[in-house]
Amino acid sequence: LFPFSPIFLVPARSQQCPSGTYTEDGECCASCPPGFGVAVPCGRTNTQCEPCAENQTFSAVSSALEPCRPCTPCAPSQPLAQPCTATHDTLCAPRCARGHFRPPAGNGTGPGRPCQPCRLCHEGYGAVRPCAPTQDAECQPCPQGFYSEERSAEAPCLPCQPSCGPGEVMIRACSRLSNTLCMGESRGERGRARRASVSPSILKRAEGDPQKEPRQRQPAPGASAAPTASAASSEFMLPPPEDTGKDIIPVYCSILAAVVVGLLAYVAFKCWHTCRQKQQLAKARAGELGTAPEGEKLHSDSGVFLDTHSLQEPHQHGKAPRPEGRPYGALPPQRQEEVERLLETGGPGGDWRSLAARLGYGDEAIGTFARGQAPARTLLAAWAATEGATLEALCLALAAVGRQDVAERLAGPGDASSVV
């Protein structure tokens, strides 16, 4: 008899599971196809997949474990050969972008280091070895008879123009920084310049004009090579002067002259008008106020210039006829000043304005009196120059406006009762 030994039975798994992984229940895990990544790994449940985002993530294999991977970005100086998709990663070009180069690795093998910007040869320097995909530019100073007036990683030094053509004069000789500059002797040519290239310091491109591509230039054969007489040169026409700017100057001058003449004419007219008014006022004063000394006082003491003729009209068409009696101008100056002071200070009946209205003056004339320093004096002086300006008439007007106190001071101690 053979000894009894235990036998453990293990359930056999199918060999047909593509993913090679199983769930806890022994079910074959599903694989996510390319373009899809694992969202929930296979375990207690089966695999759950999700699509990869365009230009962000990708999945190039079919797997039950791998999620979507982020796309690889290219370096700023490295061109893009193929963008990232859901099934393929970004493909960067092996060559660097224009103006950049990729230095080789230290041992000369391998993909090399990242792209780097090329060296720029400054003005007066030319590129002996232009920038290439795997090497930097090499610069050297331009030799005698050659020039370079731009910064470039590829342009070499150019041969100078040997001399100016017939009928032209040399404005500037050739140097390392610029070519020979020639200009026609005739003034009618408006500065036609002939040169291989124009220096930016002499002739500046107008702002906003598109920059033209430089012409294909013949590189210098070497430092020891001399320029040939048959070196190609191009002609550059100087931009004509701004005729519009010159034509507009006379227009501005004409406008300015017209403005000045207009101002002078206005000032002359105002002066003539003022002189004419003064002459008319002087004639009116000489003709109408010649016999009234208080009329002169109206203009000298009060500081207000009045058209006495117009101020006399309201009184001439007044309500009362001319009474017989002593004229107001015969009153002593001290008594006149006292009456004027009482009228300006006011009283129970009214002030000088009430008296002016009673004497026949309108609002416009009263406003003219009020603009002076002594309106009561101005009123009485203007009224005294009119016909019928007597003390009796003034006392009656004062009594009518309720200023009996002023009438008593005007008439005097002996005449007050008779006036009332």
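Note that Cβ sites are derived from N, Cα and C of the backbone, with glycine treated the same way.
Taken from TrEMBL, the feature domain 'TNFR-Cys' applies to 16-49, 51-92, 95-139, 141-182. Positions annotated as repeat 'TNFR-Cys' by TrEMBL: 16-49, 51-92, 95-139, 141-182. What TrEMBL lists as disulfide bond is CYS29-CYS42, CYS71-CYS84, CYS74-CYS92, CYS118-CYS131, CYS121-CYS139, CYS142-CYS157, CYS164-CYS182. Residues or ranges marked as compositional bias 'Basic and acidic residues' by TrEMBL: 204-216, 312-325. According to TrEMBL, the feature compositional bias 'Low complexity' maps to 219-234. For 249-269, the entry in TrEMBL reads transmembrane segment. According to TrEMBL, the domain 'Death' annotation covers 349-414.
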Remark   = Ordered by sequence, the long-range same-chain Cβ contacts of CYS74 (disulfide bond) under 8 Å (at least 6 apart) are LEU80, THR90, CYS92, ALA93
Key: CYS118 (disulfide bond) CB neighbourhood, other CB atoms within 10 A   = 21
Ask   = Which residues of the same chain, at least 6 past either end of the domain 'TNFR-Cys' (51-92), have a Cβ under 8 Å from a Cβ in it?
value = 19, 21, 29-39, 41-42, 100, 114-117
Note = One residue among the disulfide-bonded residues CYS84, CYS142, CYS157, CYS164 has the fewest other C-beta atoms within 10 A of its C-beta, namely CYS164
Remark   = Mean pLDDT across the repeat 'TNFR-Cys' (95-139) comes out at 81
Cα-Cα distance linking CYS164 (disulfide bond) and CYS84 (disulfide bond), given in Å to the nearest integer = 59
Query = According to DSSP, how is the repeat 'TNFR-Cys' (51-92) divided among helix, strand and coil residues?
reply = 0 helix, 11 strand, 31 coil
Message = Which one is it, among the disulfide-bonded residues CYS42, CYS71, CYS142, CYS157, that lies nearest to CYS131 (disulfide bond) by Cα separation?
response = CYS157
CYS71 (disulfide bond) CB neighbourhood, other CB atoms within 10 A = 20
Request  = State the Cα to Cα distance, in Å, between CYS71 (disulfide bond) and CYS164 (disulfide bond), rounded to an integer.
outcome  = 62
Nearest-integer angstrom distance between the alpha carbons (Cα) of CYS29 (disulfide bond) and CYS157 (disulfide bond) = 70
Task = Do me a favour and check the Cα-Cα span between CYS42 (disulfide bond) and CYS121 (disulfide bond); whole Å is fine.
result = 62
Message = At a 10 Å cut-off from the C-beta of CYS29 (disulfide bond), count the other C-beta atoms across all protein chains.
response = 21
Remark   = Integer Å value for the Cα distance linking CYS118 (disulfide bond) with CYS139 (disulfide bond) is 11
